[in-house]
Amino acid sequence: MPSTTLSTVLSDINEFVVKQGHGVKGLSELGLQTLPNQYVHPPEERLSSMDVVSDDSIPVIDVSNWEDPKVAKLICDAAEKRGFFQIVNHGIPLEMLEKAKAATYRFFREPAEEKKKYSKENCPTSHVRYSTSFLPQIEKALEWKDHLSMFYVSDEEAAQYWPPSCRDDALEYLKSCEMVSRKLLEALMQGLNVNEIDDAKESLLMGSRRININYYPKCPNPDLTVGVGRHSDISTLTLLLQDDIGGLYVRKLEHEAWSHVPPVKGALVINIGDALQIMSNGRYKSIEHRVLANETNDRISVPVFVNPKPNDIVGPLPEVLASGEKPVYKPVLYSDYAKHFYRKAHNGKDTIAFARIE
C-alpha cells in the first residue's frame with residue numbers, strides 16, 4: 001500500500017479498523033513499522049519481564065477417567081488454589097480442535113466487507129458480533145485483537161446468523177464442549193457439597209453458552225501494547241483452546257507476579273469465572289489474566305464461555321452456606337452483572353465488587 005494511503009489510514013484509525021471492518025488484522029498487514037498511538041498503553045498496564053515468574057506452572061490434569069475421585073480432587077484443588085488449570089484426555093478429538101482453529105482462520109481471512117456484516121451496526125441479531133479490541137468506543141488505549149462472538153440460542157438461529165465460513169465447525173466444537181463443561185461442574189459441585197445438578201442448578205451453572213474466535217496479529221511494538229488487558233471472566237467456567245504460539249498470562253493468587261500458560265497439544269485451558277467465585281462464596285477463584293502481543297507470529301484462540309442464564313440470580317449456593325459460613329457476596333441478577341462488566345474497559349477484577357457485601 002502506498003505510504004500516502006497508509007498515512008490516510010493512520011489519520012483515522014477508527015474509520016479503517018472499526019467502521020470499514022478491516023480490524024487490527026488489516027492494520028497489521030499494512031506493513032507498519034511502529035505502533036499507532038491509539039494502541040500504546042501506559043507502562044503500568046504493560047507486563048514487564050520482572051513481573052513474570054518463570055518457574056511457576058499451571059496444573060495439567062489428565063481427566064481420562066472422569067469418575068476417579070482423585071481427578072475430582074485435583075480439579076477442585078486447582079480451582080481453589082489457582083483458578084486456572086489445563087486438562088488433557090478430555091474426550092474431544094484432536095481433529096475437532098484443529099477444525100475449530102481452522103474455522104477461526106477462515107473467518108478472519110475473509111474480506112473486510114464480509115466481516116463487517118457482523119458488526120454491531122450491520123448484524124440483524126445482537127447474538128453475533130464482530131469487533132476489535134474490547135470496547136473501542138470508550139477505551140483510552142485499544143487492545144491489539146479482533147474477535148467474533150457467537151451466543152448460542154438454537155441450531156436454527158446459528159444456521160441463519162452465524163458466518164458460513166466458520167459456523168459448522170464452531171457449532172460442532174461448542175456442542176462438544178458441553179460434555180466437558182458438565183463433567184467439570186459435576187466435580188466442582190462435589191467440592192461444594194452439591195450432590196446433584198438438578199434442572200435449576202443446570203440453568204444457573206450452564207444455562208447459556210457463547211463461543212468467541214480471537215485473532216491477535218503480529219505487532220510492530222508488542223512491548224507497548226496488550227493483546228487483552230487485565231480482567232477476569234464473568235462466566236461460570238471458560239474453556240479455552242489456544243494455538244501453539246503462547247501469550248496468555250495468569251496472575252498468581254494474592255501476588256503481583258504473573259505466570260505464562262504454555263500451550264499443551266490437545267489440551268484445554270480451564271478457568272473459573274466470577275459467577276462461580278460468587279456461587280462458591282469465594283472458595284473457587286476467578287483470576288485475572290491477560291494476553292500479550294508478539295512481533296513474529298499471528299495468534300488465535302477459541303474460548304467457550306459457560307454462563308448462567310441472563311435472568312438467573314447468582315449468589316452463594318445454599319449448600320455452601322449450610323454450615324453457617326457467612327456470605328461474602330449478595331445475590332445479583334446475572335444480566336445486571338454482565339452489563340456492569342461491559343460498561344467499562346478491562347480493569348482487573350473490579351467487576352466482582354458489584355456483588356461483594358461491603
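Backbone N, Cα and C atoms are what each Cβ position is placed from, and that goes for glycine too.
Keep in mind that what you see is a predicted model, and the values were worked out from it rather than measured.
Among the candidates HIS147, HIS260, HIS289, the one that Swiss-Prot lists alongside HIS231, ASP233 as binding Fe cation is HIS289. Swiss-Prot annotates ARG299, SER301 as 2-oxoglutarate-binding residues; of TYR216, TYR249, TYR337, TYR342, the candidate listed for that same site is TYR216. The least crowded of the binding-site residues HIS231, HIS289, ARG299, judged by other CB atoms within 10 A of its own CB, is HIS231. Maximum C-alpha to C-alpha distance over the listed 2-oxoglutarate-binding residues TYR216, ARG299, SER301 is 9 Å.
Sorting the domain 'Fe2OG dioxygenase' (207-308) by DSSP state (H, G, I as helix; E, B as strand; all else coil) yields 9 helix, 43 strand, 50 coil. Among the binding-site residues HIS231, ASP233, HIS289, not one has its Cα within 10 Å of the Cα of TYR216 (2-oxoglutarate binding site).
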